[in-house]
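These come from TrEMBL:
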- 1-100: region 'Disordered' (REGION)
- 21-33: compositional bias 'Low complexity' (COMPBIAS)
- 40-62: compositional bias 'Low complexity' (COMPBIAS)
- 75-96: compositional bias 'Acidic residues' (COMPBIAS)
- 114-216: domain 'RNA-binding protein Tab2-like N-terminal' (DOMAIN)
- 233-388: domain 'RNA-binding protein Tab2/Atab2 C-terminal' (DOMAIN)
Amino acid sequence: MATVGFNPTKIRTTPSFQPHKPISTFFTSFSSKPTKKLPLKLSQSSAKSPPSPRPLRGGSVSESSVSAPLQEEPGTVDDEEKEQEGEEDEDNDDPTAELCYLDPEADPETITQWEMDFCSRPILDIRGKKIWELVVCDRSLSLQFTKYFPNNVINSITLKDAIVSITDELGVPLPDKIRFFRSQMQTIITKACKELGIKPIPSKRCLSLLLWLEDRYETVYIRHPGFQKGAKPLLALDNPFPMQLPENLFGDKWAFVQLPFSVVQQEASSLETKYVFGANIDLDLLGIEIDADTLIPGLAVASSRAKPLAGWMNGLEVCSMEADAARASLILSVGISTRYVYATYKKTPVTTSEAEAWEAAKKACGGLHFLAIQNDLDSDDCEGFWLLLDLPPPPV
C-alpha cells in the first residue's frame with residue numbers, strides 16, 4: 001500500500017487499491033434513505049515505494065543556544081569551493097543547528113501566509129528540561145525557519161519577537177495569515193498574531209508543515225544528542241467526539257464516488273478559473289505524484305441551495321471527511337479539533353462494506369480524497385470543491 005511521504009524535491013507515489021469488495025456508489029439522503037445504487041469497480045495497479053526523504057537545505061544555520069555544541073573534526077581541503085560546500089553540508093547535517101532560509105528565487109511579497117508550530121520536542125537541554133521549538137514555513141517551503149527555546153520563556157511576547165525577527169532576518173513582510181494546528185497553543189499564538197495585525201487561523205490544513213515535522217523527526221530530532229526515545233508529545237492533537245452538524249450545513253443527498261486523478265485535477269484547477277468555492281492542494285509543491293488514472297475517493301453532496309451551502313462550507317477550514325462504519329456515519333473535520341456528524345445512514349452489511357471500502361481506498365491514496373457540492377448528483381459542474389489530504393498526526 002502506498003504512503004504519502006515528504007521530500008523537498010519530488011516523491012514518486014503510485015497508490016494502488018488493495019483487493020476488496022468494489023465500492024458501490026450509493027445515493028443517500030441525509031435522512032438515511034437510499035434512493036439509488038450504482039456499481040463502481042476499483043482499479044488495480046502496482047504500488048511503488050517512494051524514495052527516502054532528504055533533509056531540507058537552508059541558506060543559513062546557526063548553533064542553538066539551548067543545545068549541545070557540535071564537535072567538528074579538523075580537516076583540510078585544497079579547493080576553496082569544495083571546502084565551502086563541505087562546511088555547508090556539515091552544518092545541514094548538524095541536528096542542533098537552527099534554520100533561517102528564503103528561496104533566492106522567491107518573491108518575498110508573495111509569501112503572505114505562513115504555517116507555524118510552537119511546541120516542545122522530545123529533546124532535553126543541558127538543564128534536563130524539554131526544549132521548545134518554533135517551526136515556520138510557507139506552503140511552498142520557500143520560507144523555512146526553526147529556532148529552539150528553553151521552556152521558561154514560552155509566552156506570546158517571545159513568539160511575537162520571534163515572528164518579527166523572521167521578517168528582519170529574511171527580508172519578508174509580516175504575513176496576512178498564520179495557520180497553526182495545536183489547540184493548546186491557540187491563546188499564545190492568537191495573542192502574538194493580533195498584536196502584529198496578523199490573522200491567526202486554527203487549521204489542520206498546514207500540510208507542508210505537518211510533512212516537514214515528520215521529516216524533521218526522522219532527520220533531526222532522533223539524531224539530536226538530547227533526544228529522549230519513547231517520549232510522548234506534550235501537546236497531543238485533539239480528536240473530540242463529533243458534534244451535531246449546524247443546520248445551514250446540511251445537504252439533501254450524498255454519495256460515495258471515485259474519479260480518476262486527472263479529473264480531480266481538472267476540478268481542482270477550476271477553483272482558479274471559475275467562481276466556485278473550495279480549496280486546492282498543490283501536490284507538486286509537496287513533492288507528491290500520483291498516476292493520472294488512479295481513482296481518488298470522494299464524497300459528492302447535492303443540495304437545492306448548493307451555492308449558499310458551498311459558501312458556508314468555504315468559511316470553515318475543511319480538513320477531511322471520514323466514513324465511520326462502526327457508527328454508520330460520515331464525520332466532517334474542520335479547523336483544529338471540530339468534528340461534525342455530517343450524515344448518518346442505515347447500518348447494513350452492504351452499507352458497512354461500502355463505507356469500509358471507501359476508507360480503504362482513501363488510505364491507499366495516502367489520505368487523498370475530495371468533497372464536491374453540486375446542485376444535482378448527476379450534474380457536471382460543482383458549486384464547491386475541496387481537495388483534502390487526511391494525514392496522521394506528527395510524531396512530535
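Placed from the backbone N, Cα and C atoms, the Cβ positions cover glycine too.
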With DSSP as the reference, give the number of residues of the domain 'RNA-binding protein Tab2-like N-terminal' (114-216) in helix, strand and coil.
41 helix, 34 strand, 28 coil
To what whole number does the mean pLDDT across the domain 'RNA-binding protein Tab2/Atab2 C-terminal' (233-388) round?
91
